[in-house]
């Protein structure tokens with residue numbers, strides 16, 4: 001072989017060896033870093049790391065979530081949506097010098113981001129969004145190759161390092177929204193110097209000041225979101241240069257002035273939302289935005305007419321203009337060319353008829369035109385709108401009859417036509433309205449009898465028929481409405497008797513049948529309604545005695561005046577002064593304005609009756625004893641059959657008991673409460689430990705069972721409440737959420753076993769006979785703990801868990817008065833955002849804890865429903881009042897009452913619970929401010945629970961221990977900043 005050829009072969013082999021060695025070194029370094037990363041999450045047992053093994057043969061490039069370049073260097077780590085929690089080892093990961101992409105979004109990572117992040121100098125893509133980090137985001141000037149930066153919704157706080165953006169001139173996406181950063185005095189100038197930006201998301205991150213004219217220099221922008229901020233001043237005319245924009249979000253700021261001239265140049269705009277500002281002028285600049293799909297301009301001060309061109313937009317499906325000063329008619333062509341989905345033009349000065357074609361293409365879900373001056377009748381076309389879910393046209397000047405088919409639309413959830421001039425009947429078509437949750441028909445001229453078919457609308461929760469011309473009997477089928485909470489029938493011409501079946505409406509809280517011609521006796525079944533809060537049967541022709549069963553109710557309002565009642569006023573009801581006037585046949589031993597009841601023992605004839613009653617009573621007692629012995633025998637047989645039944649137990653935590661220990665203790669004497677979806681029992685185990693057992697009731701087959709029947713009775717399958725509660729609680733691990741130990745099921749019964757909380761509920765502590773004198777520090781700790789529990793539900797998962805029935809009776813207290821969120825029978829896990837979260841046909845919850853306008857403007861149940869309910873709980877803690885009190889007035893709740901007492905500092909102090917010490921009253925007012933923010937009328941204005949927790953932490957009272965240290969600490973922080 002020639003020397004030159006030998007030299008070439010040697011050089012070739014040496015080069016190959018050298019390259020292979022270098023490859024091995026780089027891959028080995030990267031491998032060690034990745035294995036260290038894996039070890040950081042060793043306790044999590046996550047499937048994503050199963051492939052991250054030392055002996056995988058190919059090296060780190062084969063790991064799931066890892067990408068390498070052609071030289072074998074790790075360039076990308078994508079662990080988004082992988083269930084990661086805890087601290088992430090940024091210090092070691094940033095040793096990978098070739099790393100260009102780090103994607104960790106949609107996890108539960110926590111802790112403070114270390115300054116080591118600046119060592120990831122090759123990063124082009126960084127996604128830390130939707131996590132649970134804390135503290136400030138570190139300075140990142142060295143990351144000068146960044147093109148994509150996602151930090152949104154990750155709980156960062158403090159001062160954001162805006163100056164670091166000066167080196168990030170290649171940024172295409174900047175997403176910092178939904179973080180409680182320290183407020184800026186002005187709009188950050190560093191942002192408007194990023195000329196390559198196509199996506200800018202700065203919503204809800206404490207940006208303040210005016211929108212700078214230089215925003216017009218970002219001509220590549222396609223998405224601009226700066227909503228939920230402190231922006232002021234006018235929208236600069238330079239914004240018209242952003243001709244590539246397809247989405248512009250400016251809502252919930254304090255912007256003023258008119259839409260700038262040239263705004264119509266943004267012809268690519270598809271989504272525009274400038275709602276909840278102080279904008280004025282007309283909407284004429286929008287007439288040329290023909291590509292609009294969604295236009296949201298509600299809650300401003302716009303005036304003038306709605307452009308006729310809106311009726312010609314072919315893609316417009318969502319139009320929200322409510323709470324402005326718009327005049328003229330709605331464009332009659334609205335929806336005729338588009339797949340119209342939603343319109344809300346409520347609370348304006350609109351006139352003319354309702355456009356007939358908004359459901360022409362059969363896609364419309366909501367028609368909301370309440371509080372205007374509309375005239376004419378409801379177009380017949382809407383009786384065929386099978387997709388319609390909400391129909392609200394109250395407080396207008398509409399007339400005519402309601403199209404028959406409208407009553408029975410299959411997806412309709414709410415009909416609100418009150419305060420108009422409608423005539424005619426409710427037709428039998430209503431039987432087809434299986435999703436119908438609310439009927440608001442008050443103050444019209446509707447007439448005829450209520451159809452018996454109204455009982456077939458299984459989902460009805462609110463029926464308001466007041467101030468109409470209805471006649472005839474109240475249909476007995478009303479007892480089939482198991483979810484009915486409010487029944488208002490006052491000021492009509494109803495006659496006949498109140499049906500006994502009303503006692504089957506176990507969720508009723510408000511009944512008003514005043515000013516009718518109802519006769520007969522008051523049904524004793526009304527006394528079996530556990531949640532009844534207000535009962536008004538005044539101005540009728542009722543006769544007979546007042547049922548003793550009413551004594552068991554805890555009513556804030558009772559009015560039986562102006563009837564034909566007779567007999568004794570039950571002693572326990574005598575405190576309802578004025579509730580019995582106009583009934584000359586009534587007598588009382590305690591109310592002076594009534595005749596004194598005659599003592600039966602004074603009459604010889606009555607004495608005979610008295611003796612007969614005793615004899616008769618003894619006979620009943622004897623018969624009861626025989627029946628009791630028979631039941632005992634039956635229960636033993638039942639117990640023996642349960643023993644041999646096939647049970648399945650599914651545990652979620654370490655347990656020291658068996659299913660037999662639980663089943664043997666489900667007895668009447670262990671019953672401690674009835675929840676929204678089941679009965680609760682206290683069970684003492686053999687080792688002395690106590691647990692709570694909930695026996696879930698089937699919603700679909702729920703019946704009224706007597707206490708004499710077997711407790712674990714046959715069921716038709718598993719209830720949806722049981723499945724919901726198990727699904728929700730089995731995976732939850734949080735200090736402030738009640739612990740679920742296991743579920744126990746058979747073909748016939750469903751049981752859930754929880755930790756037992758000995759101090760009952762917050763409601764008990766504040767309002768019941770068990771109420772305790774809670775100090776402010778304890779109330780504060782309860783508020784903070786409950787808020788953290790809800791925050792975990794809303795933000796601790798990839799998809800939020802919505803409780804849907806937050807109230808003080810569902811906040812349980814342990815032996816140290818630490819709170820736990822409980823009763824998840826109504827909970828809902830929001831579905832993936834593809835197509836939006838599922839809507840629900842009825843806003844679940846409890847009267848007094850639900851926003852009055854939730855039906856009006858909330859198209860779906862969201863986390864903001866829980867936020868409102870929690871705000872009501874905070875008001876209970878501060879004021880000591882129940883959500884509904886007689887002193888608030890007719891149709892008023894605690895939110896109205898608090899709002900009406902905000903006129904001065906003195907009036908605010910007056911509503912703070914007198915049991916709260918003087919030194920803490922200012923702290924209580926701080927909490928009241930948070931409650932007011934939480935109970936904002938519009939869901940969009942309510943904070944997230946994450947923000948609520950932060951606000952409550954900021955409102956921590958100065959405690960007597962360590963007060964000097966705390967003050968010094970505060971001073972030091974201020975000096976450092």
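Just so you know, glycine gets a Cβ as well, placed from its N, Cα and C.
Among the ranges 609-629, 630-650, 651-671, the stretch that Swiss-Prot annotates as transmembrane segment is 609-629. Looking up 577, 704 in Swiss-Prot shows the N-linked glycosylation site annotation sitting on 577. Record check of 399, 759 in Swiss-Prot: the feature N-linked glycosylation site is attached to 399. Among the glycosylation sites 152, 204, 252, 268, the residue whose Cα lies closest in space to that of residue 373 (N-linked glycosylation site) is 252. If one looks beyond the repeat 'LRR 19' (530-553) by at least 6 residues along the same chain, the residues whose Cβ comes under 8 Å of a Cβ in the stretch are 485, 490, 498, 506-524, 559-573, 580, 582, 586, 674, 846-847, 884.
Of all the glycosylation sites listed (152, 204, 318, 373), 373 has the fewest other CB atoms within 10 A of its CB. Neighbour counts were taken at the CB atom with a 10 A radius for the glycosylation sites 119, 167; the maximum falls on 119. Of all the glycosylation sites given, namely 73, 268, 399, 536, 577, the one with the smallest number of surrounding CB atoms inside 10 A is 577.
Note: the Cα of residue 318 (N-linked glycosylation site) and the Cα of residue 536 (N-linked glycosylation site) are spaced 41 Å from each other. Separation of the C-alpha atoms of residue 119 (N-linked glycosylation site) and residue 152 (N-linked glycosylation site): 22 Å, rounded to the nearest whole number. Residue counts for the repeat 'LRR 11' (339-361) under DSSP (helix as H, G, I; strand as E, B; rest coil) come to 0 helix, 4 strand, 19 coil. In the predicted model, residues of the repeat 'LRR 19' (530-553) average a pLDDT of 92. For residue 252 (N-linked glycosylation site), the number of other Cβ atoms no farther than 10 Å from its own Cβ, over all displayed protein chains, is 22. DSSP classifies residue 204 (N-linked glycosylation site) as coil under the three-state reduction.
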